[in-house]
């Protein structure tokens, strides 16, 4: 692509080219992304200025010819004359506010008559030409294109619609005579009519801006805004590919900057205690970048805010990241990108922060209302000290703004790779959605109307790659709301469908709400209540500061991952006290030590082998899924839909976190759609079954398989629990569906205790190098295995030396109950039978498998049952 200056120079040379003396030389400016509303806006603006105009009608037949040199010619018969139109050069303005504006240089030459065939494109044109000066004319054209069989079928009808209107066409009545509902194309072109030698590139830019200002009075401001983002990006990004996304407008400010992550308990556990981190308050402002560029001082946020000038002398650039209060024009800096020409993006935050205050002082020197956010460096792991640190920031009364949370900043990483987390009280956790009114007449039961409410659908942004890896589908009505071109992008809107609440994207908006025109807007919303099959949402505010990001076509509210991880704080609330003491209820928080390596590898191998038996099934339910230890195995098996059920909210939150981790770091041949249900499996089977069947898309006939790995001992307290489990499995499975249990075998445990003469409250131990590796504490006195209710204490690899109590599983009784409820036993097998296969799988791990490991593994087995 040529530069604009080169194109203008080539245009001028064409008039001295003797080979072109019989050609018409055209320099045109075309706008490529024109819809009816934009067309009408420009048309009416030109009419209002009473600019001289003429109306013309034409029918042109076009035949496109492609040569070996890839030069395209258009052959155009007009008034029985035949021409070929050959493009020579073009220049395209890159800024998105220019609506794909393109400057084209072409020549038109007369040729001999050619044969019209079915490949010819027929274009009917209704054109109004406005001669805005001696140098330029603006042509606004309504076009109908016909091809092939359409020509004979529709040509006469559209000729009547476009040309033979009931009234004589004038510029003033044109837009009322043409029906915009028909599938017309709309073109705006500017043609140069002045002396070739007088034209400059600046003239082209000026006339282009004139038309764009008719479309949007803020065009020049939008152009300046985009140029400011480009300036910032040039100091942050090194990748030409990413810089091109900024220049094209596909990325706006939000996609450029590193985002603050909503912190979950699982996030916090990874670095608790947060020694070395920096903490500051979170203000309820908008993200903004303060810039000193030459003599200009401005903030780039939802728009461009000019804060003044430095005077005559230009300064070296300073770029600060922070929060901006537009009403008061106050800037609160929390990071620095560049200070007086020194790029700091590769330094750790602990170094960057030293220049942040210096940058703030530069702003203050020019009477800008700016200050550095107050940071505390966390140096102690003592919970009491941490509590005082957090309270001193969060509960401070002297800040000039309302504090709605805390920010934790990780040291040691570059600007783009610095992990920054925000913590908010549950009430202040909000999400940003692109809101669209639900199309009518969809006949979707889940979209049932409610009197006094209008149904809207909530959308967030997602990459095409993540969309595929999470096996998501577009909701009913999606194709009516978003054009095909948008759906084919690398980043597009998707309904907000978290794993634990697939219908969370439904929002019933009260007709009496003070928020009226919300369709197509980005709204900040909070969850008031989670009901059986929908969420009660409350609008906090319309994100007017995000409208410009929305126009880029690359922003649709929060990113899907960000939104779901924020949503976890409704599912598993994170209290202020837990910041100091550490998250409570973390599921099996202890880590396994190296001595368990071979034994845990063996158990993992066995579970992998079992799950592979159900590979590629459509719907699978995991009872007691915990934090998703088997998630990778389900993904490897290509399960299409996985429903995980557990009563531990914190464990389920960790599972969802793992869902995204697998999607971004591991490669799987098949995608799995993951649903989670927070549910105590000891509750009545009927209630649980109803909840599962309410999961969006769950088949009426039931799932293909139910899996429960090392969980059912929790449901062996009494026979009623076992009966309830059997009923639940029957209700959730399709006929012929399978149940797969792995469990510690009660019969084998009792045998081990008898062999070693372990009495009540005594402990059987297996040691390795004088370290207790496995242990079972006998908590019952009966000598024979009871149907239910016999407890033992178990020392687990991840229990940090503590015993976990569980019930012995009487497998004979379990199978008996399942048979009574319509199941047949397919297979029962001890884990020890897999040891030879494990040796083949990994000779290295098998060699370090000890006798204690083998003894412990022999206590476990699996049971497979089929629903009759």
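Each residue, glycine too, has its Cβ placed from N, Cα and C.
Residues or ranges marked as active site, N6-GMP-lysine intermediate by Swiss-Prot on the basis of sequence analysis: 282. According to Swiss-Prot, the domain 'mRNA cap 0 methyltransferase' annotation covers 594-868. Annotated S-adenosyl-L-methionine binding site per Swiss-Prot: 607, 624, 646, 710, 711, 712, in sequence order. Sequence annotations record features per position, and here Swiss-Prot assigns site 'mRNA cap binding' to 627, 658, 713, 806.
Taking the recorded positions 646, 806 in turn and counting surrounding C-beta atoms within 10 angstroms, the largest count is reached at 646. When the recorded positions 282, 607, 627, 646, 658, 806 are screened for a Cα within 10 A of the Cα of residue 713 (site 'mRNA cap binding'), the ones that qualify are 806. Taken together, the residues in the domain 'mRNA cap 0 methyltransferase' (594-868) have a mean pLDDT of 93 on the 0 to 100 scale. Within 10 Å (C-alpha to C-alpha) of residue 646 (S-adenosyl-L-methionine binding site) lie the following recorded positions from 282, 627, 806: 627. Neighbour density around each Cβ, counted as other Cβ atoms within 10 Å, peaks among the binding-site residues 710, 712 at 712.
Cα of residue 624 (S-adenosyl-L-methionine binding site) to Cα of residue 806 (site 'mRNA cap binding'): a span of 14 Å. DSSP assigns residue 646 (S-adenosyl-L-methionine binding site) to a strand segment in the three-state reduction.
Secondary structure at residue 710 (S-adenosyl-L-methionine binding site), taken from DSSP and collapsed to helix, strand or coil, is coil. Whole-number maximum of the Cα to Cα distances across the S-adenosyl-L-methionine-binding residues 607, 624, 646, 710, 711, 712: 19 angstrom. Residue 607 (S-adenosyl-L-methionine binding site) carries a helical DSSP state (H, G or I). Separation of the C-alpha atoms of residue 607 (S-adenosyl-L-methionine binding site) and residue 282 (active site, N6-GMP-lysine intermediate): 45 Å, rounded to the nearest whole number. Comparing CA positions across the recorded positions 282, 710, 712, the one lying closest to residue 658 (site 'mRNA cap binding') turns out to be 710. Mapped onto three states, the DSSP output places residue 806 (site 'mRNA cap binding') in strand.
Between the CA atoms of residue 710 (S-adenosyl-L-methionine binding site) and residue 806 (site 'mRNA cap binding') there is a gap of 11 Å. Counting every protein chain shown, the number of other Cβ atoms lying within 10 Å of the Cβ of residue 624 (S-adenosyl-L-methionine binding site) is 20. If you measure from the Cα atom of residue 282 (active site, N6-GMP-lysine intermediate) to that of residue 627 (site 'mRNA cap binding'), you get 30 Å. A separation of roughly 10 Å, to the nearest angstrom, links the Cα atoms of residue 711 (S-adenosyl-L-methionine binding site) and residue 806 (site 'mRNA cap binding'). Under DSSP, residue 282 (active site, N6-GMP-lysine intermediate) is assigned to a strand (E or B) in the three-state scheme.
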